[in-house]
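Engineer: I have a structure here, written as C-alpha coordinates, and I will follow up with some questions on it.
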Amino acid sequence: TTFSSGLTAMEKKLAEYKCNTNEAIQLKLVRFPEDLEDDNTTFNPEYTHQVFGDDEVAFGYKGLKILLYYIAGNLSTFFRIEYTSKVNEKFDCVEADDVESKIREIIPPGFCTNTDDFVSLLEKEVNFKPFGMLLHTYSIHNEEAGEDITYQIYKADMTCPGFREYHERLQTFLMWFIETASFIDVDDERWNYFLVFEKYNKDGATLFATVGYMTVYNYYVYPDKTRPRVSQMLILPPFQGEGHGAQLLETVHRYYMSSPTVLDITAEDPSENYVKLRDFVLVKLCQDLLCFSPVKLMQGFSQEMVTEAQQKLKINKQHTRRVYEILRLRATNMGDAEQSRSYRLDVKRRLIGPYKKKKRELAKMRRCLRPEEMTNQLNQIDLSMQREHLEESFQQLVSDYRRVLERLAQA
(Lines of atoms letter the chains of each structure in order from A and count residues from 1; the text may use other names and numbers.)
(Lines give C-alpha, C1' and ligand atoms only; values in the text may rest on other atoms or scores of the structure.)
Protein backbone atom coordinates (compact mmCIF):
# COMPACT_ATOMS: atom_id res chain seq x y z
CA THR A 1 0.00 0.00 0.00
CA THR A 2 2.84 2.41 0.76
CA PHE A 3 3.84 2.17 -2.87
CA SER A 4 0.42 3.08 -4.26
CA SER A 5 -0.03 6.04 -1.94
CA GLY A 6 3.44 7.23 -2.94
CA LEU A 7 2.35 7.08 -6.56
CA THR A 8 -0.69 9.27 -5.97
CA ALA A 9 1.46 11.87 -4.23
CA MET A 10 3.76 11.81 -7.24
CA GLU A 11 0.77 12.00 -9.60
CA LYS A 12 -0.61 14.91 -7.63
CA LYS A 13 2.68 16.68 -7.90
CA LEU A 14 2.90 16.08 -11.63
CA ALA A 15 -0.72 17.14 -12.18
CA GLU A 16 0.30 20.60 -10.98
CA TYR A 17 2.62 20.73 -13.96
CA LYS A 18 -0.11 20.52 -16.56
CA CYS A 19 -1.12 23.71 -18.34
CA ASN A 20 -4.06 24.32 -20.66
CA THR A 21 -2.40 25.58 -23.85
CA ASN A 22 -5.48 27.58 -24.91
CA GLU A 23 -4.88 29.74 -21.84
CA ALA A 24 -1.08 29.61 -21.87
CA ILE A 25 -0.77 31.06 -25.36
CA GLN A 26 -1.12 34.83 -25.30
CA LEU A 27 -1.50 36.59 -28.64
CA LYS A 28 -1.27 40.30 -29.36
CA LEU A 29 -1.46 42.58 -32.39
CA VAL A 30 0.77 45.48 -31.38
CA ARG A 31 0.45 49.07 -32.62
CA PHE A 32 2.05 51.04 -29.79
CA PRO A 33 4.85 50.11 -27.35
CA GLU A 34 2.38 50.39 -24.44
CA ASP A 35 0.28 47.56 -25.96
CA LEU A 36 2.96 45.16 -24.71
CA GLU A 37 2.03 45.84 -21.09
CA ASP A 38 -1.69 46.20 -21.66
CA ASP A 39 -3.71 43.04 -20.84
CA ASN A 40 -6.67 44.37 -22.83
CA THR A 41 -4.77 43.82 -26.08
CA THR A 42 -4.18 40.12 -25.31
CA PHE A 43 -6.32 37.37 -26.85
CA ASN A 44 -6.12 33.57 -26.70
CA PRO A 45 -6.48 30.76 -29.23
CA GLU A 46 -9.74 28.88 -29.68
CA TYR A 47 -7.88 25.71 -30.66
CA THR A 48 -4.42 24.36 -29.91
CA HIS A 49 -5.03 20.67 -30.63
CA GLN A 50 -3.15 20.75 -33.93
CA VAL A 51 0.03 21.75 -32.11
CA PHE A 52 -0.44 20.30 -28.60
CA GLY A 53 -2.63 17.22 -29.14
CA ASP A 54 -6.31 16.58 -28.48
CA ASP A 55 -6.27 17.38 -24.77
CA GLU A 56 -4.65 20.79 -25.49
CA VAL A 57 -2.21 20.45 -22.59
CA ALA A 58 1.49 21.17 -22.16
CA PHE A 59 3.17 19.14 -19.45
CA GLY A 60 6.13 20.04 -17.27
CA TYR A 61 5.56 23.68 -16.34
CA LYS A 62 3.87 25.77 -13.69
CA GLY A 63 2.55 29.18 -14.68
CA LEU A 64 3.38 28.60 -18.34
CA LYS A 65 3.01 31.57 -20.67
CA ILE A 66 3.67 31.30 -24.38
CA LEU A 67 3.93 34.85 -25.68
CA LEU A 68 3.32 35.36 -29.39
CA TYR A 69 3.13 39.04 -30.22
CA TYR A 70 2.74 40.38 -33.76
CA ILE A 71 3.25 43.88 -35.07
CA ALA A 72 -0.24 44.90 -36.25
CA GLY A 73 0.59 45.46 -39.90
CA ASN A 74 3.46 43.38 -41.24
CA LEU A 75 3.10 40.78 -38.46
CA SER A 76 6.77 40.69 -37.43
CA THR A 77 6.78 38.26 -34.55
CA PHE A 78 7.99 38.22 -30.95
CA PHE A 79 8.11 34.79 -29.30
CA ARG A 80 9.01 33.95 -25.73
CA ILE A 81 8.20 31.26 -23.18
CA GLU A 82 7.87 32.11 -19.47
CA TYR A 83 7.08 29.90 -16.46
CA THR A 84 7.46 29.94 -12.70
CA SER A 85 8.86 26.41 -12.46
CA LYS A 86 9.65 23.39 -14.60
CA VAL A 87 9.98 19.67 -13.84
CA ASN A 88 13.51 18.42 -13.80
CA GLU A 89 14.62 15.11 -15.27
CA LYS A 90 17.14 14.62 -12.47
CA PHE A 91 14.70 14.99 -9.59
CA ASP A 92 11.29 14.23 -11.03
CA CYS A 93 12.40 11.51 -13.48
CA VAL A 94 10.16 13.01 -16.16
CA GLU A 95 10.81 15.33 -19.04
CA ALA A 96 8.92 18.54 -19.75
CA ASP A 97 7.30 18.93 -23.19
CA ASP A 98 9.50 20.75 -25.66
CA VAL A 99 7.04 23.62 -26.10
CA GLU A 100 9.49 25.80 -27.96
CA SER A 101 10.10 23.40 -30.83
CA LYS A 102 6.34 22.81 -31.19
CA ILE A 103 5.80 26.53 -31.71
CA ARG A 104 8.87 26.88 -33.93
CA GLU A 105 7.35 24.31 -36.26
CA ILE A 106 4.52 26.66 -37.18
CA ILE A 107 6.03 30.15 -36.91
CA PRO A 108 8.55 31.14 -39.59
CA PRO A 109 12.18 31.81 -38.53
CA GLY A 110 13.44 35.34 -37.99
CA PHE A 111 11.27 36.21 -34.97
CA CYS A 112 12.39 38.44 -32.08
CA THR A 113 13.08 37.01 -28.65
CA ASN A 114 13.56 40.24 -26.74
CA THR A 115 11.23 43.20 -26.46
CA ASP A 116 13.83 45.86 -27.34
CA ASP A 117 14.34 44.39 -30.80
CA PHE A 118 10.60 44.11 -31.21
CA VAL A 119 9.98 47.75 -30.23
CA SER A 120 12.66 48.97 -32.65
CA LEU A 121 10.90 47.01 -35.43
CA LEU A 122 7.67 48.69 -34.36
CA GLU A 123 9.21 52.07 -35.21
CA LYS A 124 9.74 50.93 -38.83
CA GLU A 125 6.08 49.91 -39.14
CA VAL A 126 5.26 53.30 -40.68
CA ASN A 127 6.83 51.97 -43.91
CA PHE A 128 4.48 49.01 -44.15
CA LYS A 129 1.94 49.23 -46.97
CA PRO A 130 -0.74 46.70 -48.01
CA PHE A 131 0.11 44.25 -50.78
CA GLY A 132 -1.48 44.06 -54.22
CA MET A 133 -4.43 45.81 -55.75
CA LEU A 134 -7.05 47.81 -53.84
CA LEU A 135 -10.53 46.38 -54.47
CA HIS A 136 -12.80 48.04 -51.92
CA THR A 137 -12.81 50.70 -49.19
CA TYR A 138 -15.47 50.91 -46.49
CA SER A 139 -15.89 52.46 -43.07
CA ILE A 140 -17.52 51.29 -39.86
CA HIS A 141 -18.53 53.52 -36.99
CA ASN A 142 -16.59 52.62 -33.85
CA GLU A 143 -18.50 53.36 -30.63
CA GLU A 144 -15.39 53.20 -28.45
CA ALA A 145 -13.34 55.59 -30.55
CA GLY A 146 -16.40 57.69 -31.32
CA GLU A 147 -15.45 57.92 -34.99
CA ASP A 148 -15.60 56.15 -38.33
CA ILE A 149 -12.73 53.78 -39.02
CA THR A 150 -11.68 53.07 -42.60
CA TYR A 151 -10.90 49.59 -43.90
CA GLN A 152 -9.55 48.43 -47.23
CA ILE A 153 -9.60 45.10 -49.07
CA TYR A 154 -6.73 44.15 -51.38
CA LYS A 155 -6.08 41.27 -53.75
CA ALA A 156 -2.50 40.04 -53.54
CA ASP A 157 -0.35 37.31 -55.05
CA MET A 158 3.08 35.82 -54.53
CA THR A 159 4.70 38.21 -57.03
CA CYS A 160 4.15 41.14 -54.61
CA PRO A 161 7.50 41.87 -52.93
CA GLY A 162 7.50 40.68 -49.31
CA PHE A 163 4.10 39.04 -49.57
CA ARG A 164 5.35 35.44 -49.37
CA GLU A 165 7.08 36.10 -46.01
CA TYR A 166 4.13 38.10 -44.72
CA HIS A 167 1.72 35.29 -45.65
CA GLU A 168 3.88 32.79 -43.74
CA ARG A 169 3.41 34.86 -40.60
CA LEU A 170 -0.28 35.46 -41.25
CA GLN A 171 -1.18 31.79 -41.77
CA THR A 172 0.07 30.83 -38.29
CA PHE A 173 -3.19 32.30 -36.96
CA LEU A 174 -5.16 29.60 -38.80
CA MET A 175 -3.83 26.97 -36.39
CA TRP A 176 -5.34 28.81 -33.42
CA PHE A 177 -8.71 29.76 -34.91
CA ILE A 178 -9.74 27.20 -37.54
CA GLU A 179 -10.42 23.73 -36.23
CA THR A 180 -9.12 21.79 -39.24
CA ALA A 181 -6.61 24.30 -40.58
CA SER A 182 -3.75 23.39 -42.85
CA PHE A 183 -1.10 25.46 -44.60
CA ILE A 184 -1.48 25.78 -48.37
CA ASP A 185 1.02 25.23 -51.18
CA VAL A 186 1.91 28.81 -52.05
CA ASP A 187 3.90 27.76 -55.12
CA ASP A 188 0.66 26.80 -56.83
CA GLU A 189 -0.24 29.89 -58.86
CA ARG A 190 -3.95 29.20 -58.82
CA TRP A 191 -4.30 30.62 -55.30
CA ASN A 192 -5.76 34.11 -54.88
CA TYR A 193 -5.33 36.03 -51.63
CA PHE A 194 -7.71 38.71 -50.39
CA LEU A 195 -6.61 40.83 -47.42
CA VAL A 196 -8.44 43.24 -45.12
CA PHE A 197 -6.58 46.15 -43.49
CA GLU A 198 -7.57 48.90 -41.08
CA LYS A 199 -6.16 52.39 -41.52
CA TYR A 200 -5.05 54.02 -38.26
CA ASN A 201 -3.10 57.08 -37.20
CA LYS A 202 0.11 57.16 -35.23
CA ASP A 203 2.07 60.37 -34.63
CA GLY A 204 0.37 62.04 -37.59
CA ALA A 205 1.14 59.22 -40.03
CA THR A 206 -1.33 56.74 -41.58
CA LEU A 207 -0.55 53.10 -40.82
CA PHE A 208 -2.19 49.82 -41.77
CA ALA A 209 -3.18 46.96 -39.47
CA THR A 210 -4.03 43.43 -40.60
CA VAL A 211 -7.68 42.54 -39.96
CA GLY A 212 -8.13 39.24 -41.77
CA TYR A 213 -7.93 37.42 -45.05
CA MET A 214 -9.32 34.81 -47.41
CA THR A 215 -7.64 32.31 -49.72
CA VAL A 216 -9.43 31.14 -52.87
CA TYR A 217 -8.35 28.36 -55.21
CA ASN A 218 -9.20 28.55 -58.93
CA TYR A 219 -10.31 25.16 -60.13
CA TYR A 220 -10.24 24.55 -63.85
CA VAL A 221 -13.56 23.61 -65.44
CA TYR A 222 -13.56 22.12 -68.94
CA PRO A 223 -13.19 23.63 -71.50
CA ASP A 224 -12.41 27.27 -70.66
CA LYS A 225 -13.83 28.24 -67.27
CA THR A 226 -12.71 28.32 -63.65
CA ARG A 227 -14.61 27.69 -60.45
CA PRO A 228 -13.06 29.61 -57.54
CA ARG A 229 -13.36 27.73 -54.26
CA VAL A 230 -13.06 29.55 -50.95
CA SER A 231 -10.56 27.63 -48.88
CA GLN A 232 -9.76 29.58 -45.73
CA MET A 233 -11.24 32.68 -44.22
CA LEU A 234 -10.23 34.31 -40.98
CA ILE A 235 -11.09 37.61 -39.36
CA LEU A 236 -8.70 38.05 -36.43
CA PRO A 237 -10.44 37.97 -33.03
CA PRO A 238 -10.01 41.66 -32.10
CA PHE A 239 -12.05 42.49 -35.22
CA GLN A 240 -14.70 39.78 -35.11
CA GLY A 241 -18.38 40.68 -34.96
CA GLU A 242 -17.93 44.00 -36.76
CA GLY A 243 -19.09 42.90 -40.22
CA HIS A 244 -15.70 42.44 -41.90
CA GLY A 245 -16.44 38.87 -42.96
CA ALA A 246 -19.48 40.02 -44.94
CA GLN A 247 -17.53 42.88 -46.54
CA LEU A 248 -14.75 40.49 -47.53
CA LEU A 249 -17.00 37.81 -48.98
CA GLU A 250 -19.08 40.32 -50.91
CA THR A 251 -15.95 41.99 -52.29
CA VAL A 252 -14.57 38.63 -53.42
CA HIS A 253 -17.87 37.79 -55.13
CA ARG A 254 -17.89 41.15 -56.88
CA TYR A 255 -14.29 40.63 -57.98
CA TYR A 256 -15.14 37.31 -59.67
CA MET A 257 -18.47 38.58 -61.00
CA SER A 258 -16.62 40.83 -63.42
CA SER A 259 -14.75 37.88 -64.90
CA PRO A 260 -16.39 36.15 -67.90
CA THR A 261 -14.36 32.96 -67.41
CA VAL A 262 -15.64 32.31 -63.88
CA LEU A 263 -18.50 29.83 -63.70
CA ASP A 264 -19.52 30.14 -60.05
CA ILE A 265 -18.00 30.25 -56.57
CA THR A 266 -17.99 27.35 -54.11
CA ALA A 267 -16.44 26.69 -50.69
CA GLU A 268 -14.39 23.89 -49.25
CA ASP A 269 -15.89 22.18 -46.21
CA PRO A 270 -17.60 25.34 -44.87
CA SER A 271 -18.11 25.85 -41.13
CA GLU A 272 -21.55 26.71 -39.73
CA ASN A 273 -20.48 30.30 -39.20
CA TYR A 274 -19.29 30.58 -42.76
CA VAL A 275 -22.60 29.23 -44.08
CA LYS A 276 -24.51 31.86 -42.06
CA LEU A 277 -22.23 34.56 -43.39
CA ARG A 278 -22.59 33.33 -46.96
CA ASP A 279 -26.40 33.14 -46.66
CA PHE A 280 -26.45 36.78 -45.62
CA VAL A 281 -24.10 37.99 -48.37
CA LEU A 282 -25.76 36.02 -51.17
CA VAL A 283 -29.28 37.01 -50.15
CA LYS A 284 -28.14 40.63 -50.04
CA LEU A 285 -26.74 40.29 -53.57
CA CYS A 286 -29.77 38.42 -54.95
CA GLN A 287 -32.72 40.18 -53.38
CA ASP A 288 -33.03 42.71 -56.21
CA LEU A 289 -32.88 40.22 -59.09
CA LEU A 290 -36.19 40.08 -60.97
CA CYS A 291 -36.36 36.30 -60.73
CA PHE A 292 -36.64 36.65 -56.92
CA SER A 293 -39.67 38.95 -56.94
CA PRO A 294 -42.34 37.87 -54.40
CA VAL A 295 -44.65 36.67 -57.17
CA LYS A 296 -41.97 34.43 -58.67
CA LEU A 297 -40.86 33.18 -55.22
CA MET A 298 -44.40 31.96 -54.59
CA GLN A 299 -44.33 29.98 -57.84
CA GLY A 300 -41.43 27.89 -56.54
CA PHE A 301 -37.75 27.35 -57.27
CA SER A 302 -37.03 27.76 -60.97
CA GLN A 303 -34.32 27.24 -63.56
CA GLU A 304 -34.53 30.99 -64.22
CA MET A 305 -33.27 31.64 -60.67
CA VAL A 306 -30.39 29.21 -61.14
CA THR A 307 -29.35 30.76 -64.46
CA GLU A 308 -29.66 34.39 -63.40
CA ALA A 309 -27.84 33.94 -60.09
CA GLN A 310 -25.05 32.03 -61.80
CA GLN A 311 -24.63 34.35 -64.77
CA LYS A 312 -24.94 37.66 -62.96
CA LEU A 313 -23.57 36.86 -59.50
CA LYS A 314 -21.52 33.65 -59.95
CA ILE A 315 -23.63 31.82 -57.36
CA ASN A 316 -23.93 28.05 -57.74
CA LYS A 317 -27.17 26.10 -57.85
CA GLN A 318 -27.07 24.73 -54.30
CA HIS A 319 -26.52 28.17 -52.78
CA THR A 320 -29.15 29.71 -55.04
CA ARG A 321 -31.64 27.21 -53.65
CA ARG A 322 -30.90 28.40 -50.09
CA VAL A 323 -31.23 32.03 -51.18
CA TYR A 324 -34.62 31.19 -52.70
CA GLU A 325 -35.79 29.53 -49.46
CA ILE A 326 -34.70 32.52 -47.37
CA LEU A 327 -36.31 35.09 -49.66
CA ARG A 328 -39.45 33.01 -49.96
CA LEU A 329 -39.66 32.86 -46.15
CA ARG A 330 -39.53 36.67 -46.12
CA ALA A 331 -42.35 36.83 -48.68
CA THR A 332 -44.46 34.23 -46.88
CA ASN A 333 -47.02 35.05 -44.22
CA MET A 334 -46.28 32.17 -41.83
CA GLY A 335 -49.45 33.06 -39.90
CA ASP A 336 -51.50 32.04 -42.94
CA ALA A 337 -52.11 28.28 -42.79
CA GLU A 338 -52.12 27.75 -46.54
CA GLN A 339 -48.98 29.84 -47.20
CA SER A 340 -47.00 28.29 -44.37
CA ARG A 341 -48.02 24.76 -45.34
CA SER A 342 -46.94 25.36 -48.91
CA TYR A 343 -43.58 26.74 -47.70
CA ARG A 344 -43.00 23.83 -45.34
CA LEU A 345 -43.71 21.25 -48.04
CA ASP A 346 -41.44 23.01 -50.49
CA VAL A 347 -38.44 23.02 -48.11
CA LYS A 348 -39.11 19.51 -46.82
CA ARG A 349 -39.23 18.17 -50.35
CA ARG A 350 -35.64 19.31 -50.73
CA LEU A 351 -34.65 17.98 -47.30
CA ILE A 352 -36.10 14.56 -48.06
CA GLY A 353 -33.92 14.18 -51.17
CA PRO A 354 -31.06 12.38 -49.38
CA TYR A 355 -33.56 10.00 -47.71
CA LYS A 356 -35.06 9.09 -51.07
CA LYS A 357 -31.62 8.45 -52.45
CA LYS A 358 -30.93 6.15 -49.51
CA LYS A 359 -34.20 4.33 -50.19
CA ARG A 360 -33.18 3.73 -53.79
CA GLU A 361 -29.83 2.41 -52.59
CA LEU A 362 -31.66 0.09 -50.17
CA ALA A 363 -33.83 -1.24 -52.95
CA LYS A 364 -30.67 -2.13 -54.84
CA MET A 365 -29.20 -3.77 -51.73
CA ARG A 366 -32.37 -5.75 -51.16
CA ARG A 367 -31.53 -7.75 -54.27
CA CYS A 368 -28.22 -8.93 -52.89
CA LEU A 369 -28.52 -9.05 -49.09
CA ARG A 370 -29.72 -11.84 -46.80
CA PRO A 371 -33.09 -11.00 -45.14
CA GLU A 372 -31.63 -10.53 -41.64
CA GLU A 373 -29.01 -8.09 -42.92
CA MET A 374 -31.76 -6.24 -44.71
CA THR A 375 -33.97 -5.71 -41.65
CA ASN A 376 -30.92 -4.36 -39.89
CA GLN A 377 -30.44 -1.77 -42.64
CA LEU A 378 -34.12 -0.89 -42.71
CA ASN A 379 -34.31 -0.30 -38.98
CA GLN A 380 -31.83 2.50 -39.43
CA ILE A 381 -34.33 4.53 -41.43
CA ASP A 382 -37.49 4.05 -39.49
CA LEU A 383 -40.20 6.24 -41.00
CA SER A 384 -41.44 7.97 -37.87
CA MET A 385 -37.82 8.82 -37.03
CA GLN A 386 -37.43 10.20 -40.48
CA ARG A 387 -40.46 12.45 -40.06
CA GLU A 388 -39.26 13.69 -36.70
CA HIS A 389 -35.79 14.33 -38.02
CA LEU A 390 -37.23 16.15 -41.00
CA GLU A 391 -39.35 18.40 -38.79
CA GLU A 392 -36.32 19.14 -36.60
CA SER A 393 -34.15 20.01 -39.61
CA PHE A 394 -36.90 22.22 -40.95
CA GLN A 395 -37.33 24.15 -37.67
CA GLN A 396 -33.57 24.62 -37.38
CA LEU A 397 -33.38 25.96 -40.93
CA VAL A 398 -36.21 28.39 -40.41
CA SER A 399 -34.58 29.80 -37.29
CA ASP A 400 -31.25 30.17 -39.19
CA TYR A 401 -33.08 31.83 -42.07
CA ARG A 402 -34.84 34.24 -39.72
CA ARG A 403 -31.50 35.37 -38.32
CA VAL A 404 -30.26 36.10 -41.84
CA LEU A 405 -33.40 38.14 -42.52
CA GLU A 406 -32.98 40.09 -39.26
CA ARG A 407 -29.42 40.94 -40.19
CA LEU A 408 -30.57 41.94 -43.65
CA ALA A 409 -33.21 44.24 -42.21
CA GLN A 410 -30.51 46.03 -40.19
CA ALA A 411 -28.02 46.26 -43.06
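A Cβ is built for glycine as well, from the same backbone N, Cα and C atoms used for every other residue.
Just so you know, TrEMBL annotations are computer predictions that nobody has curated.
The annotation domain 'Histone acetyl transferase HAT1 N-terminal' is assigned in TrEMBL to 17-179. Summarising the annotation, TrEMBL assigns site 'Interaction with histone H4 N-terminus' to W191. Residues or ranges marked as active site, proton donor/acceptor by TrEMBL: E268. What TrEMBL records for 278-329 is domain 'Histone acetyltransferase type B catalytic subunit C-terminal'.
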Engineer: Name the residues of the same chain, 6+ apart in sequence, whose Cβ is under 8 Å from the Cβ of W191 (site 'Interaction with histone H4 N-terminus')?
Structural biologist: D157, M158, I184, D185, T215, V216, Y217, N218, S231
Engineer: List, in sequence order, the same-chain residues at least six positions removed whose CB sits under 8 Å from that of the residue listed as 'active site, proton donor/acceptor'?
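Structural biologist: Long-range Cβ contacts: Y217, R229, V230, S231.
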Engineer: Please compute the mean pLDDT of the model over the domain 'Histone acetyltransferase type B catalytic subunit C-terminal' (278-329).
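Structural biologist: Here the mean pLDDT over the domain 'Histone acetyltransferase type B catalytic subunit C-terminal' (278-329) amounts to 96.
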